[in-house]
Structures are given as C-alpha cells and as structure tokens.
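*Asks:* Shown below is the structure under consideration.
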Amino acid sequence: MEVWWFSRVVAHHPYAILAAVFVFSSTCLIVPLTTKKFPDFSDPQLGFEARGTVLAQRLTAWQNLMDATAPRGELVNNPLEYYQYLQQLSQLNETTFRNHSRTSQGIVRKRPRIKNRKKGKKYGKHNNGTGKDPDVTEDRDMWEELLELRTKNRLDNSDDHDERNHLESDGFFCNLPTASYARVVLGSESGENNLWSMEGVLAQCHVDAALRANPEFSTLCQTQMEHGRAGQKCCRSWSPANYVALLSNRSSCLGVTESDLGRVEILLQRCADFYHNLQLTPDCAEDLSCQRRVPAECYTHNAPYHLLHYLLDVDFIPSNRRSPANKINSTLRSAMLFLPIAASSASLDFYRGLSVDGLTYGKFRVLGMQLGLKSTLFDRLLVSDSRLVLAGFAFVTICIWVYTGSLLLTATTILAVLFSLGISYAVYTLVLRITFFPFMNLLAIVVAVGIGADDAFIFCKVWECGKQQKLTNGGLVRLVQETMKHALPSMFVTSLTTAVAFFASIVSNVTAINCFSLFSGMTVIANFFLMVTWLPASVVISEHCRLSFLSPANFIARKIIRPLRIFADKMATGFGKLLTRIAIDLRWLWLVGLGGVAIASCMVVFRYPGLQLPDSPDFQLFDSSHPFERYDLVYARRFWFEKLDMSDGSEVLPLRFVWGVKPVDNGDYLDPKARGNLEWDESFDVSNPKSQLWLQQFCRGLRAQPFYRSTRGPLLPNCFIESLRSWMQRRCEDPITMRADREPCCERNPFPYMPAVLQRCAAEASAELHRTPAHLWNREGPVTAGLKFAKEPLQLPSTSSNDTKSLAYPSTKIKALVVEYDSTHAYSLSFAEMDQFYHQVETWMQDQLSSAPLGMRGGWFVSRLEFYELQRTLYEGTLWAMGVSMILALTVLALVTLNPLVSLYAILAIGAAIVVTVSALVLLNWRLNVLESVAVSTAIGLAVDFSLHYGVSYRACNSEDRIDRVKAALEQMGGPTLMAAVTSGAAGALMLPSHVLAYIQIGVFLLLVMGISWLYATFFLCPLLAVVGPSPHFAQFQYPR
C-alpha cells in the first residue's frame, strides 16, 4: 500500500482538512475554557512541594494526623472529655425530645410574661418567672454576652482594653506592633551608617512623614480614640525614634536628643538578657509573674520588649553580649518602621502612590517593604507584563511572515501554536481530569512557539527546494509527497524526542514539575499532529493564493513583492554558502574550541560551583532589587519576630516518632490540595506488655543520643509510658477525701500493665493532664505528642425507645502514638546540615525498630523537613530527568535514522549544548528552585531540535562524500534553524524589561538555550560529521520491507 497516500488527500482536499482540523481544535480550545474553572494563579507557590517520596509521604501522613486530632477530626487527645461532651449532647437531645412530646400533647403551659422587663432592655434586673427555662435562658444569654465582650476586647481596636493601653502610654500609641501591620525597613546601602544617631532619628521621622503623606494613607490607617469613639486622626507609627520619644517624655520623635538615645540604649542593654532568656514577655506590664522576674524599668509601657522584638535588628544588642566582639557593637544598621495600616491587598493603591525619592533622607532610605500584597501585585503584574509576551509573539509572527512571504501561512502557523495549547489543555483537564494547573505550565507557550515556528520553517524550506526542482511529473501531488517525505521524518524525530524529554521529567516528585512535564509533552504531540495535517493543507492553499496573486496582470506583485522575494532568496543562498564554508573550513577550530567549553562547563555544573540548591523556602516572585523581595530575602532574618516566625516559634528541630499510622500518601500527587486519608497500622499495639517495655527502653535510649536536647520543665506527654508509670504509683485510695477505690489505675498494678488496664488508665491520665494548666506543660505550642484515641461514634438516644445505654462506657481505643523531644540541631536552610540531621536520626530509628516487638515495628521518624525534601527532590529529579531524557532521545533518534554513529554524534552535541546552557545559568547565580528545574527540562526539550534536524538531513543525503553530505544538510537546514533560533531568542529578549522574575528568567533562558543549541548543532555537530561522519552504507541499517 502507498505510504504517502495522505499527500494526495492534502493536495486534492486541503480545504476539507483545514475545516476539519479547525473545528476539532476550536472545540478542544473552547470546551474546557467554558466548562472548567479558569486557572487561578493567586498562589504561585502552590505545588512547589515533594510528593510520593519516602519522606514526603511521612510529612503528608503527619499533616493528616494533625488534622485528624483537630476538633472535627476522627481522633481525640482526651477521650473522657469527649465522652462527657457526648453525654451532655445525649441528655440535651433527650430533653428536647421530652419537651417536644409534652408540647405535642398540650401539657406545657404558656410561659408567664415578665412584666418588670423594660422595653428595649436586653436583660431585666428582676425576674419573677417560675420554672427553670427563664434562668437557663438568662444564664445562656449572660454567657454569650461575656464571650462577645471577651472577643471584642481581643479584636476590636476601639475597645476598653485598647483605651487602657492609651492611658498606660499616655495616648502615644493606639495599639501594639504586630506582624499583621504593614512595615518597612530603613537603613543605608553600605550598611555602615548608624540609625541610632540624631541623623538616623531624623531619617526615621522624615520617612514616616513621607509615608503618611501618601493620599491613600488616611483611608487605610487605624484611627485614634477620642472620648471613647474613633476619631479622624491616624494612629502613630511604631519606630525606634517614636519609642525613644515615648520613654523620654517627648511629644514627637523630632524632640529626641542625643542624651535620650544614650539613656534608652543603656536601658536596652540592661533588659536584653531578660528578653533573650524569655523572662521579658510582651505583656509584662500586666503580668505579675513577669514583674517578679524583671526590673520595673524593663516593662515600662512594654517598650523594651517591642524595641528588641520588632524594631531593632538582631545585631544591635545581640543575645551573646558576653563576647568582646559584641560588647562594642553599638551600630544600628537597619530598623523596622510599622505603619498603622493592615498588611493586606487593600494597600495596593498606597504602594502605587509611593515615591522612591520621598523615601530617602541623607544616607538612609527604605530598603525593604512588607505590605501584605506580594501575591496580589504578582497576580496584577503577571497580567500587565504579559504585553511583553505578546510583543515576543508578534515578533515571531513577523519573522514567519518575512520567511514564508505569505500572510495566510503566517496566520495558520500562529493558529497552530494556539490550537496545540488548546488540544493539550483539553486532554489535561477533560481526559486526564487534572484540576491543578500551576503557573509553571505557562512555560509551555514558549515550547509551543519554538517548536511550531521551527517546524514551519523546515516545512517551507523543503517546499521551496522542491519547487525549484520543477515538478514536471505529478504536479502538486508530487510536490506535496516529496516535501512530506523529506520534512516529516525530521519533524517527527524532533517532536518525539522533545516530547520524550518532557515526559522524562515525570521522574521528578515535585507536583508543579510533573504537571508541567505532562502539559508540555502533550503540547508537543498536539503540535506534531497539526504540523502534518494543518500546516501542509495551509501551504497548499497558500500556494493557490500566491499563484493567482503573482499573476503578470498584478502590477504591484511584479514591481515590488517579486523583487523583494528574489532579494531575500539571494541573501538566504549567500548566507547558506557562507555558513557552509565557516562550518567546514574551520571544523577543527570549532571542534577543539566548543569541545573545550563543554568540558569546562561539566566542571562548573558537576564540580565547582555546581548546581546551587535554593536557600529560601519562599518562591521569589520579583527581581532581587524589588523592595518586597529584599525584605523577604535579606532583611526579614535581621529581626527577632520574623526569625522566630520563620522557625515556627522555635529554632530547634523536633524529634517526632509516630506509631499507629502508615507513612503513606494516598492522595492525588498532581493536586496539592488532595492529601488523601490516614491509613491505620493494624499491627500497632502499644498496650502489649512487650511493647510497653520496649517503648520505655526506646525513650531512655533516645535521651542518651547525641542529637537529643534536654529541655527544661515537665515534658508530660512527650513519652507517655514514663509519665503514665509515674502517675500509676499513686495510692489506690485518695488520702484526702477517702473516696472510692482508684482501681485499677494505682500502685497495685505492676508495670508492664495488662492491655485493658493500660488503655483505661492512659485515658484517665490524659484527662488529668488536660486538667493541668496548659502553660505548665504544652510550651505554648500545639499538642502533638502523646496518645491519640479513637473518637466515640456519635450515637444519640433513640426517640422511639428507652435505649439510653449506647453511651454506657467511653471508648479508650488507642489509635496512634507520638513520641516527641527537641533535638540539638537548629532549623537550617542548608541542605548539608539538614541532610546530616535526617540521616543520623533515621539510621538510629531503623536500628531501634529492628529489635522492636511486632506491635511497634511500624514506627517512623519525621521532623520539619519539608524544605529539605524539596531541595533533595529538585536536585535528584533534575539530574535523573537529564539522564533519562538523553537516553530516550538517543533511542528515538537511533530508531529513526537507523545509524548508531549519527545518533551518537547528535546526542553528543545535544548533551554539550545542555551542559553549557546549565553552566551559564549556574554562573548567573541561578539556584535550582522549581522554576529553574523546569527551565532545565525545557532546555532539554528545545536543545534537541537543531541537532536532530542536521542529523536527519545528513542521513537522507545519498552522496558518498561526507563533506558533500554536511554541505547538503547545512544548505537545507542552516537557514530554517537560524530563523527558529533568532525568533525564539528575540522573543525572550523582549521579556527582559518585565518586573516579574519568572518572565525575566524565561527571557534569559530562551536567549541562552536557543543561541547555545544552535551554535553546537551548526558548529560542533556538522564539523564532527565532516570529520568522522559515516558514509551512506557504513553502520546503516534498514527496516525490512
């Protein structure tokens, strides 16, 4: 059967093919956009996490366990308290049922009207009503009122509590500084100028005034209280200068003197030790226990705490002041200024109204900002800066128009790019049913434009070459057949290898990278489908239109367009000959030079400085010079309140050992919100006597390890078996009340306990623990350690029977166990330090589990390792993706060319181009974050095209001389590949003026990958083939006919 039957269909029925493909592609583009929710990029970091690895599954299981112990979860820390709640609910249901029955029988009397209650008053002073309902209602109403007042006192900015604060600070500040307020960082670029000076105080006052002069400030600011009601005057900003004025009884910061600064600095030095030892608290002025430990001067208006915690950098008065180096440090290099406006997206207009010049005073200026609108601004700029993407798209369109000389062909090529994205999106959302569409998927637009333009240039070049050979036999059908015969293998190989390179990135365990790999790979496949159907039909139709347009009767065509086309053809021919001479005549120079660069790049990538891992858990959205990024990347770590927040309230890594829950993630790995459900370890049994003995020995052995850190204070829930054993030593009769026997939870039961005894007594001990004041044992954090009990199923008494025994006994079934202590390791963003910590503890844990009884062998270790796991997954996943994609590309190329030498040389050039590109990114200080990892995957996909085009063209030439074969490949493919590189590279250059870091990095990346891959394909692969290229019959295999 004729394999090129499709060429006859294209030649005879191009309009039918064009219409069919248009309808299909339009449907794929429109249906998902109208039936599915449009992608939301408001959280650009969503999906930047590892899923599916051993540690990632543990982290997900841990999060699910914490969710299960929440109020609406299926576990409970205190089963007896929950049991009492169910009993009350049962009694309430029963009472409701009885009242309903009595009402339906007409027994309940009408409630007497309370006449003494005054109209308009919610509560009356005298209540003469008989019966319990009025009292219950009044008690309930009073309780609700107390709750409302309590909530109001906490949250309302114009309440009595805040009025009391006004009185304490003489009305200086409206409230206390918190992280929920907008803030800016002041300092000098050199970092050597002192803000704790008169010039620094004036700089703070000036910048504060400039910020408050913003037209939007008055509409956003928190206003002061005037006679119990909110006034129109904005509250004062919190700055070191204003606090010095408060402590020196000055009316404003402009009245601060040099002696005031010296006196407050001495005060801070006296109070610093109390702050760093956690003795000085934010509410010490109201806390009697704090006042007993701290001198009175250290809690005046709570000013020293707020200065040290919020406003002064950590190096001004450091925690370790005993060292001589820190004693002489009296330079305040950066200071925080809190504004009385909320850090939220509402401050967008305020930010836009800021003037950079107004935020400078002498040598000091605003260095960073946190206005709470980073994601909002990114979302807006992502849309506004898309005009740069459209400009690049327009440039590609112009290049295609100039190269093809046909508006119709240009329009259909651009439509093919859009349709390939639409078909891929339809498969992504409707067929694969993936609901998560990350921001990274937008990079597929770059892929579609690059691949689509490249294929269009190749097809048009082969078409023009066929036309020049004068088709005397077969006419248009012959031309279409020959063009597809030569262009189709090249397009097929490049599309398949590019798609395979993207699909290879699925080996990564990062959700965003997996989604990008799938979407981009499907985009390439959809593009190939359009290039073999839509593009040939468009070329045939364009040829018909061009022939009629270029008839001798058309004067404009004869006088203007035809000469321009002839001139462009001569330029292209001359360039092809020049390119051929440069590549072949200087082949040894190119081989040695580019080969040496590739070897040096290998040293850069794999030795020094190497692929740098990210050093911040936050995904950078803007350029490093942007004030929002400077705050997050540089200055946030210089203030204590931000440092403590970054380390989740503690800089120490916790040691968490979990039993009863399988460390599995059964959610959807392509949806960051689908976390799955807990899977219980049915073999877990801590009530077994052997398990009790082993757990006791486990806790003792843990405290003897070098990574264990001793913590002051009681650690009652941390290792429950020890606290339970101590609690069980109590006497069986209460010596004070002589009440009922405490059996079996008393000293008569020896350790280890019987399973039933342990379950019951563990529940009672947990109830006793939760009756203890929380601040004595939970260290101001969420309760994670201890036993987790199954919740009693909610069974209310039946309204049709007298069955009230469904809640006879509380459930004390133990479902999970968490043992938790602090480690000696501090939380770090360094991969090496966290890797050492994880493997040290994990090795010890596995060694302990090897000797554990059957009921305790399913335990696992977890800590705050989310960012560490992302770092590890990005590094390993990127290297794996590079290796797998290269192997698969070699396999595809070998199957198409059937020549192992040509395939090997092409892969060598592709690998060199990729390594040089990655080394350039490393030297540009790129770190291997998610975007950079996606860029490497994209580089693999885009770098293969040019080399494969040359390789396939070399293979197709029948000349016996390898030089002639290289010349033929360069003449046929040199122009199209250069045009593809120029169009994509220039499109990237047009994105460089963007404010969005992703656009800037995409632009830099496109310039590098297109330029480098074209250089290595043209001046490394072609000279290599000219030197050691195989002859037509050497190492050339054939498929059996």
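Any Cβ shown, glycine's included, is placed from N, Cα and C.
Where the annotation comes from TrEMBL, it is an automatic prediction and has not been curated.
Sharing the features that TrEMBL gives for it:
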- 12-33: transmembrane segment (TRANSMEM)
- 113-139: region 'Disordered' (REGION)
- 113-125: compositional bias 'Basic residues' (COMPBIAS)
- 388-419: transmembrane segment (TRANSMEM)
- 415-541: domain 'SSD' (DOMAIN)
- 425-451: transmembrane segment (TRANSMEM)
- 487-507: transmembrane segment (TRANSMEM)
- 519-541: transmembrane segment (TRANSMEM)
- 588-608: transmembrane segment (TRANSMEM)
- 879-898: transmembrane segment (TRANSMEM)
- 905-928: transmembrane segment (TRANSMEM)
- 973-992: transmembrane segment (TRANSMEM)
- 998-1028: transmembrane segment (TRANSMEM)
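Provide an account of the burial state, proximal residues and distances for the features listed.
*Replies:* Beyond the transmembrane segment (12-33), the same-chain residues lying 6 or more positions past its ends with a Cβ under 8 Å from any Cβ of the stretch are 412, 415, 418-419, 421-423, 425-427, 429-430, 477, 530, 533-534, 536-538, 540-541.
Residues 18, 21, 25-26, 28-29, 445, 448-449, 452-453, 456-457, 460, 526-527, 530-531, 534-535, 538-539, 541-542, 545-546, 561, 565, 568, 979, 982-984, 986-988, 990-991, 993-994, 999 of the same chain lie 6 or more positions beyond the ends of the transmembrane segment (388-419) yet place their CB under 8 Å from a CB of it.
Each residue in the domain 'SSD' (415-541) gets a DSSP state, and the totals come to 111 helix, 1 strand, 15 coil.
Counting only same-chain residues 6+ beyond the ends of the transmembrane segment (879-898), those with a CB under 8 A from a CB of the stretch are 489, 492-493, 496-497, 500-502, 504-505, 507-508, 904, 906-907, 910-911, 914, 936-937, 940-941, 944, 948, 951-952, 955, 1036-1039.
Long-range Cβ contacts of the transmembrane segment (905-928) within its own chain (Cβ-Cβ under 8 Å, at least 6 residues beyond either end) map to 594-595, 597-598, 600-602, 604-605, 609-615, 874-875, 878, 882, 886, 889-890, 893, 935-936, 939-940, 943-944, 947-948, 950-951, 1001, 1004-1005, 1008-1009, 1012-1013, 1015-1017, 1020-1021, 1024-1025, 1028-1029.
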*Asks:* Six or more residues out from either end of the transmembrane segment (998-1028), which same-chain residues have a Cβ under 8 Å from its Cβ atoms?
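*Replies:* Contacts of the transmembrane segment (998-1028) (Cβ under 8 Å, skipping residues fewer than 6 from its ends): 385, 388-389, 439, 443, 446, 450, 579, 582-584, 586-588, 590-591, 594-595, 598, 621, 623, 901-902, 905-906, 908-910, 912-913, 916-917, 920-921, 924, 926, 931-932, 935, 938-939, 942-943, 945-947, 949-951, 954, 962-963, 965-966, 969-970, 974, 977-978, 980-982, 984-985, 987-992.
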*Asks:* Determine whether the transmembrane segment (519-541) and the transmembrane segment (425-451) share at least three Cβ pairs under 8 Å, counting only pairs 6 or more apart in sequence.
*Replies:* yes
*Asks:* Please work out the mean pLDDT for the residues of the domain 'SSD' (415-541).
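*Replies:* Computed over the domain 'SSD' (415-541), the mean pLDDT is 86 on the 0 to 100 scale.
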*Asks:* Give residue numbers and ranges for long-range contacts of the transmembrane segment (588-608): same chain, 6 or more residues beyond its ends, CB-CB under 8 A.
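*Replies:* Same-chain residues near the transmembrane segment (588-608) but 6 or more away: 912, 915-916, 918-920, 922-923, 1015-1016, 1019-1020, 1023-1024, 1027.
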